[in-house]
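Going by TrEMBL, these are the annotated features:
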- 27, 28, 29, 30, 31, 32, 33, 34: ATP binding site (BINDING)
- 202, 205: [4Fe-4S] cluster binding site (BINDING)
């Protein structure tokens, strides 16, 4: 790592100039947490906000590829690690273990204490500077990583809450129900539930077909008294954008999927600004 003295810590630590912190959670793997974290960050950036993403999915860091930032060298300044910026305006910042691995195919075979220590470093030692929103992308489950993130964040900053991601099927909503229990036990506010992969958008006619069941996320929100933020369909255009590291929000502003993601982002902003 190179030393860079161009940044300085604000009084109160590296999160002192971060306005809001939001966790992206799900009890289930493969429901699209990283995809929605990426798209929400892009939507917030296009709304004029300065956004950061902290990727604590230590065993599956996929956001660097989704944002097409490659593997840049992580620099250090007087107050810690400098996040990687995805644009010249420095309106979207990212920190991920993916930047620290020598080989992108290297497996992170770590026990809990080592994961917990790195998460502690990520939370305290990244010099984010001024941010409107910091999104924290988490791995599936309710264990060490989640407790480490929450405990370390709460030492330095108020956590505004969590967005829970599910797919429509009962096997997914059942796991997310356990995530809701986790939030209640740890005193973490639930900002809302998003149903991802809710229908399939035909690339030819744009008609949306329910290849999975539909409405599981909305029903879960009703049963648990949570806010339902909306649904996002399976969209080949979104999939291609993610695979190629392109900005879907900018490239397809007229798509129904864009409208869904943008609506969720606007509802999120309203919720955290008016708790």
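Using the three backbone atoms N, Cα and C, a Cβ is placed for every residue, glycine included.
Since the structure is predicted, the reported quantities are computational estimates derived from the model, not experimental observations.
Cβ environment of residue 27 (ATP binding site): 140, 141, 142, 175, 176, 177, 178, 179, 182 lie under 8 Å away, each six or more residues apart in the same chain. Cβ-based neighbour count (10 Å, all protein chains) for residue 30 (ATP binding site) stands at 11.
In this structure the alpha carbons, written CA, of residue 205 ([4Fe-4S] cluster binding site) and residue 32 (ATP binding site) are 24 Å apart. The Cβ neighbour count for residue 29 (ATP binding site), using a 10 Å radius over every protein chain in view, is 13.
Of all the binding-site residues listed (31, 202, 205), 31 sits in the most crowded Cβ setting, with the most other Cβ atoms within 10 Å. Apart from the site residues 27, 28, 29, 30, 31, 32, 33, 34, the chain places the Cβ of 26, 140, 165, 167 no farther than 8 Å from the centroid of the site's Cβ atoms, the recorded ATP location. Recorded residues residue 29 (ATP binding site) and residue 202 ([4Fe-4S] cluster binding site) have their alpha carbons 25 Å apart, per Cα-Cα distance. Listed binding-site residues: 28, 32, 33, 34; maximum Cβ neighbour count within 10 Å falls on 33.
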